[in-house]
Amino acid sequence: RSQESRERLSVCSKLCYAVGGAPYQITGCALGFFLQIYLLDVAQVDAFYASIILFAGRVWDAITDPMVGFFISKTSWTRFGRLMPWIIFSTPFAIISYILIWFVPDISTGQVMWYLVFYCAFQTLVTCFHVPYSALTMFISREQSERDSATAYRMTVEVLGTVLGTAIQGQIVGKVDTPCIKNPSFSWTNSSVAMEELNMTHDTESLTDTRNAYMIAAGVIGGLYILCALILLLGVREKRESSELQSDEPVSFFQGLKLVMNHGPYIKLIAGFLFTSLAFMLLEGNFALFCTYTLGFRNEFQNVLLAIMLSATLTIPFWQWFLTRLGKKTAVYVGISSAIPFLIVVVVLDSNIFVTYIVAVAAGVSVAAAFLLPWSMLPDVVDDFKLQHPSSHGHEAIFFSFYVFFTKFTAGVSLGISTLSLDFAGYQTRGCSQPEQVNFTLKMLVSAVPVGLILLSLLLFKLYPIDEEKRRKNKKALQDLR
């Protein structure tokens, strides 16, 4: 009992740890929702080159996670810890590169390379922040209950970060109002009229104000990034003894990677959440288009997205209570499957704003479970790995970085699937309405496909072997080893 009391974390420490997760979510949400529009309409990059920038940035972002995990595993302990120095030194450079993403350089050539370089640079630097931050879970306490509680605090703040990212960027640049084209399938005879209508949104004065708004938003978000990093560094102490066992001996990265990838519970957990992440990212990426075109709520989709994020934020404490009472596997089944009936209802019933908000709130409940549970279950897998390989240590970053890698990989897959599907269906850029094939495709992307992926993930979770009884046995065995 005295051992457990020494391992307990104060509420202040948990809050400081949780705040460290906000920068990744705030910047990621702002980039995810607004970068494509910014490149096309504000920076006026050709659509083909804009797609290259976005796709290359996503691919590079996924590749950097295992790379950073490798270098972290080679990092020696310092008086600040092994993970904290990465967070300290990456923060200022990440903020500079983030602000430069939203700056329009006064150059006729090389503009594409400008955005590609700084977008990839920011993804690398934010990975240098987020991978060690994720692995920090294993170094704040040896107690599973304390790590789970800190993870719940973190997920609550991270979901709040998505709300902040959307709200700050949306409110500051919300003055930009691009009118839609009533008949996007125009012929060559009336193309000049349509282009004149489009060019009205790109006059010099309006474009300058828009660019300034994006820079102001980048500055505000950069300031929040610094504030959150300072709170994390001043309020959390990295404990070397929280992760190490008495028999620890160093093992090479590639040997450790082989051991990690052969660990059955880790592979089964990743496989389950791979399909879960793909389902919710398809829903997230296409819900705004679905509300705008299929449901006809062009002026309401921002509020609907906000309802999803607020619902997710408010229900994370509930899921933390639920998993401590009934177990994490039960929480997975109940939390993730709860979205299925509502996703079916929203496409079966006629367009109704009241029903849409109900679906948004229900989807937020499932989003909260999908946010919380992977990060709550990963430490259990790491503990199980340590019992099976007591002579191998220092691989926490591998577990967390490769999970983030697979999550980002699914984000790239969902982006590619959505874009290609809508393109094949005949999506009309800036159209006030879309062809029936596009509406049908959107229904598939926000309902049928996510439901199928969720059902598949639930079948995979049946194979996950670490239940509550197994967790208790692992906890007792780890205490004996220490």
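Please read every residue number as a count from 1 along the shown chain.
Every residue, even glycine, has its Cβ placed from backbone N, Cα and C.
The annotation transmembrane segment is assigned in TrEMBL to 15-35 (among others). Outside the transmembrane segment (15-35) by six or more residues, the chain places 9, 54, 87, 94, 98, 101, 119, 122, 126, 129-130, 133, 136, 140, 150, 153-162, 164-166, 168-170, 173, 214, 217, 221, 224-225, 228-229, 231-232, 234-236 with a CB less than 8 A from a CB of the stretch.
If you look up TrEMBL, you'll see 83-104 (among others) marked as transmembrane segment. Beyond the transmembrane segment (83-104), the same-chain residues lying 6 or more positions past its ends with a Cβ under 8 Å from any Cβ of the stretch are 20, 23, 27, 31, 35, 38, 42-43, 68, 72, 75, 114-115, 118-119, 121-122, 125-126, 128-129, 131-133, 135-136, 139, 211, 214-215, 217-219, 221-222, 225-226, 229, 232-233, 238, 397.
Annotation comment: TrEMBL describes 116-140 (among others) as transmembrane segment.
Look at TrEMBL and you will find 213-236 (among others) tagged as transmembrane segment.
Taken from TrEMBL, the feature transmembrane segment covers 266-283 (among others).
Residues annotated as transmembrane segment in TrEMBL: 303-323 (among others).
Positions annotated as transmembrane segment by TrEMBL: 330-349 (among others).
The transmembrane segment annotation in TrEMBL covers 355-376 (among others). Listed by sequence, the residues of this chain that lie at least six past the ends of the transmembrane segment (355-376) yet keep a Cβ under 8 A from its Cβ atoms are 134, 137, 148, 151-152, 154-155, 158-159, 269, 273, 276-277, 280, 283, 291, 295, 297, 300, 304-305, 307-316, 318-320, 323, 328, 331-332, 334-336, 338-339, 342-343, 345-346, 349, 403.
Here TrEMBL flags 397-420 (among others) as transmembrane segment.
Long-range Cβ contacts of the transmembrane segment (440-464) within its own chain (Cβ-Cβ under 8 Å, at least 6 residues beyond either end) map to 265, 268-269, 271-276, 278-280, 282-283, 286-287, 289-290, 293-294, 329, 332-333, 336-337, 339-340, 343-344, 346-347, 417-418, 421-422, 424-425. The transmembrane segment annotation in TrEMBL covers 440-464 (among others).
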Non-local residues, at least 6 beyond the ends, that sit with Cβ under 8 Å of the transmembrane segment (266-283): 260, 332, 336, 343, 363, 366-367, 370, 373-374, 377-378, 381, 385, 399, 402-403, 406-407, 410-411, 413-414, 417-418, 445-446, 449-451, 453-454, 456-458, 460-461, 463-465
